[in-house]
Amino acid sequence: MKKALLFLVLAMLLSICTTAIAADSYTIALITMDSMDQHWLKVKAGAEEAVAELVAAGNDVKLVFDAPSTKVDSVVQASMVENQITNKADAIMVAPMDAEALAPAIEAVYDAGIPMILIDTLANTKKFQVIYQTDNGAAARTAAQELGKLLGGKGKIAIINAQAGSQTTMTREGDFRDEMAKAFPDIEIVGVQYCDGDKQKALNYAEDFMMQTPDLAGFYACNEGSTVGTGNAVDQAGKAGTIKVVGFDFSDEVKDLVERGVIQATMVQNPWVMGNEGVKAAWKLINGEKIADEEAFVVDTGVTVATKENLKDIK
Amino acid sequence: MNQAAAKPTMNKRRKISRQTRQIVSTAGALLVLAIVFTIANPNFISSMNILNILKQATPIIIIAIGQTFVLITSGIDLSIGSVIACSGIVAAICMRAGWPVWLSMIAGLLFGAGVGVLNGVLIVYGKLPAFIATMGTMTTIRGLALFLTQGIPIGSLPKSFTQIGTQRNWLFNVPNQVWIMFILAVIFGFVLAKTKVGRYTYAMGSNYEATRLSGVNVNQTLIIVYTISAFLAAWAGMIMTANVISAAPTAGDGYELDAVASSVIGGASTLGGEGIVPGTVLGALVIATLRNGLNLSGASPFIQKMIIGIVIIGAVFIDRFRRND
Amino acid sequence: MGDLLAELIDISKSFPGVKALDHVNFDLKPGEVHALVGENGSGKSTLMKILSGVYTKDEGKIIVNGQEVEFQNPRAAQDMGICIIHQELNLCRHLSIAENIYLGREPYQGLFVNQRKQIEDTRKILKRLDVDLDPTTRVSELTVSKQQMVEIGKAISTNAKIIIMDEPTSALTIKEIDELFKIIHVLKQEGHGIIYISHRLDELASIADRVTVIRDGQHIITMDYKDTTQEKIIRYMVGRELKEKFPRIKTQAGEIIFEVKNLTARKAVKNVSFQVREGEILGIAGLMGAGRTETVRAIFGADKKESGQLFLHGKEIHIHKPLEAIEAGVFCVPEDRKRDGLCISMPVYQNATLPNMEKVTVNGIVNTRKEIAIAEEMINELTIKTPTVSQTVKNLSGGNQQKVVVGKWLVKPAHVILFDEPTRGIDVGAKVDIYNLMNDLKKKGIGVAFVSSELPEILGMADRIVVMCEGRVTAELDASEASQELIMQYATQYM
């Protein structure tokens, strides 16, 4: 029994080694924040399609996908990046969970001479070639404008955010607040809660806000989980349409809530484009081409404001 | 040789009151919280908000009852959170495949119970410590949830299913899920307090070897206990899925610890042998009330986390202190 | 001998609802062994806990070395040279002898423990006690008796003048007890005062200088040992005349009820065979580690059997787990009641019905009223002293706890009851109750077999005696032909 197990392990190790040696191909690694959120799956889908195109063109390229199993552990993510250096990936795409914690690993990739492409989120380093991201600040300002207009420039609103401590979601909250204060001074933000992307928690928090502030006029939710939870809370309280909801991200559930008029607008990123462009850039870099004249070049992949009207066009 | 207490004392009263005392003190804590939060925000005491608290506490109460069974045997069930997610997904997949809602729910619940049997078998026949066995299934089942969904939440569920969570009932306008919770609490409260399985559960936690040597089928009882825990987690999974109309593979992450906290506040001991269902229900309500009340008073979310942590430690500390004296 | 080492004057102590001690006096001279005896629950442990600082007294005076003292905690008592050696030893099993003796008081050289000094000092102490042990040996490798000697070494290393020994011989063999007594003599000669608590009155003859009897929290008498007899001491302890220490009854031995044939289990039980007959009590004698407990556990299905057969009324029965034994009517009262016999944190009635749930449940639902009725019957029949059936077993005295363990097997019909050390650590009165109970069973035609390490008990109660040594049966004796010497001879046959 033990021997058989040992043999199995050896066989597995051997097969890994041989594929690593035999493959005279190129490997592009993609490491996202998690493997569950639809956002990252779209990044992955975009990347896969770009790779498929390259393969169809006769290149021997493959994509390696990895992500921590929970949303909280940036140390695990950093070690995944380091593993890809060890595995001698030919280009690495990373969506850093934590700007500080991932910086050393990203620098290590760059210093090892491996093309380094960031996806979605910046890290605290300049040592990378290019980043494809949603300008979260710009998107948050758009969201503020949308909600402000929906409310006619006055009323009380609450924010349901995902993670305190994540650069992306904190920017979405911070720039939203700044824009609100500037453009709609009569709108009061009564509070914020962090639901860790858990829909049930977002639902509970939204209920509590409606109870705390009976004349609440609107919600701003900062990611997919928060948006779904908030939308359902408003729907169940029978206040669909009365309380305006502006969300972030897109999924079947979000789509459904927009269709039913519970959510008035949601900021849809273009994660597919991030993954797709990321792979194309990686291929260029592998082949010694340049993306831009400068290093650490920023490409904004933009957001689309999804509403009931344009819902059909959103993919 | 405990000579002191062997002599006549008021022990009949004390024995009865140990359980009542636990209920009274937890209920007292709940009352104090209610008064404080009502002062902070009068909306707190509105019937609407009380229903909200009950609704918000429902999944935690349900899983905490199961966890109480497990804690009494001096075990722990870490797989609850994953079972919540995966049983919801199993039911959702069945519904999307066109099965009737009731059949899909039975499938989800059976899946949960199956995980419980697996936990029990690993502990009893695999001789693994409960912590390790359920930690293993926790990760495995979470992985299964992700695999089954390929990471994408399953939405667009039939309306009749989502009603089990949210539809308000003709009776007192209480949402269905609260009634489900109430019925489960009564059933499993009865099982723990009044049946053979319940008695064996306490006996195993008090002294496993003496229970075995008394001819109790300890293996079978332990498997039943873990099955109850996972079965209740599956119920929580149904309700949470219905609440957000989405079976997410990430649902329930970390809920097992809320379940432990609720049980412990309600008088269960992680050392085994102690715990009662009414105490656990109140314990979960304390946590839910605290969260809701702090939200309503507009406390910073960061300070809320600190306060809840301190309350858990404080509740158990006070209990220890009182018991030792 | 000069001044008193310690004097306890008019000590009183109450616990909620109980007066545990009522104006008790006690003193200790240097160089003497002062035995403190009393039934379980008499208050002797409470008195010693007050002297060693575990409890604080309500009333009275404690004088140590001529000075009145107030102990707020055990540490304060230790500082005054009072040391208590408990029944359950308090050693760190994975540390060496020297490390244990100097635990928390290690000699330092700069930042580091001075290992050499620690070992050297330990060697000196062991030499003083005339114990031949290497100070670097791990405690886990020592026998219980040697561990006890380490505890004593620890006590004298702190310069303790007053050493309290609480049931020190309960886990020792006869040879080991002799060694312990030798050490006690050394301590006496060095001028230490020893307070000796024991249920084994026959031991006192070889060591006690004075004896104090406590009953129901009151001081009954203090006397020089040479002026008294065991019978007198027992009379003072019990407060009544015990007609007989061993109330044997005569019945005619009948046919074989239960037979064990060629039982082998693990390494401890080798090819054991014996029979239990109607109308007689079978005693199983031997030294610690002779395989007696293992035999009983294997029969009962608590441990695995390798081979062997069991016959009940001539029919072979198969027992793989306790449940099967119980269904066959073969019950076992285990050796260690707290470890194997009782759910200590549960009430008396729940312990009583644990193996009898079929009697109190309908469709798996427990009828508490029936449970309480069963438990109350048990309490009356066995004269278990408890305020109510809802009392937690933890709060009963050892003797009453033991009666609960026995009592839970009397609820359903039995064919054979195996008792393993049924009277260990319980007081004289409760012992007699247990003996009477065994007699009742014998009269009813139930097979009774009991394991005991106390030879007087074996000789006093058993009609037939099986002696074991090293896992084997070395002799089967009739009570009329047996004697302590003969049993010991067979019990040490392979040694």
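Yeah, the Cβs are placed from backbone N, Cα and C, and that goes for glycine too.
Where the annotation comes from TrEMBL, it is an automatic prediction and has not been curated.
Long-range contacts of the transmembrane segment (B:21-40) within the same chain, counting only residues at least 6 positions beyond its ends with a Cβ under 8 Å from a Cβ of the stretch, are 265-267, 276, 278-279, 282-283, 285-286, 289-290, 292-294, 296-297, 315. What TrEMBL records for B:21-40 (among others) is transmembrane segment.
Annotation comment: TrEMBL describes B:60-93 (among others) as transmembrane segment. Proximity of distant same-chain residues to the transmembrane segment (B:60-93), defined by a Cβ-Cβ separation under 8 Å and at least 6 residues beyond the stretch ends, is recorded for 104-105, 107-109, 111-112, 115-116, 119, 123, 130-131, 134-135, 137-142, 144-145, 148-149, 154, 157, 161, 180-181, 184-185, 188-189, 192, 201-202, 204-205, 208, 222, 225-226, 228-241, 247-256, 258-260, 262-264, 266, 268-277, 280-281, 283-285, 287-288.
Among the features that TrEMBL reports, transmembrane segment is placed at B:100-124 (among others).
Summarising the annotation, TrEMBL assigns transmembrane segment to B:130-149 (among others).
What TrEMBL lists as transmembrane segment is B:170-193 (among others).
The feature transmembrane segment is assigned by TrEMBL to B:223-245 (among others). Same-chain neighbours of the transmembrane segment (B:223-245): 58-60, 62-63, 65-67, 69-70, 73, 75, 77, 79-81, 83-89, 91-92, 105, 108-109, 111-117, 119-121, 123-124, 134, 155-157, 161-166, 177, 180-181, 184, 188, 191, 197, 201, 251-252, 255, counting only residues six or more beyond its ends whose CB sits under 8 Å from a CB of the stretch.
According to TrEMBL, the transmembrane segment annotation covers B:257-290 (among others). Among residues of the same chain six or more beyond the transmembrane segment (B:257-290), those with a C-beta under 8 A of the stretch's C-beta atoms are 19, 22-23, 26-27, 29-30, 33-34, 37, 53-54, 56-57, 60-61, 63-68, 71-77, 80, 185, 188-189, 192-193, 202, 204-206, 307-308, 311-312, 315-316, 319.
According to TrEMBL, the feature transmembrane segment maps to B:302-321 (among others).
The list of residues near the transmembrane segment (B:130-149) in space but at least 6 beyond its ends in sequence, with Cβ under 8 angstroms from a Cβ of it, reads 70, 75-79, 81-83, 85-86, 89-90, 93, 115, 118-119, 122-123, 226, 247, 249, 253, 256.
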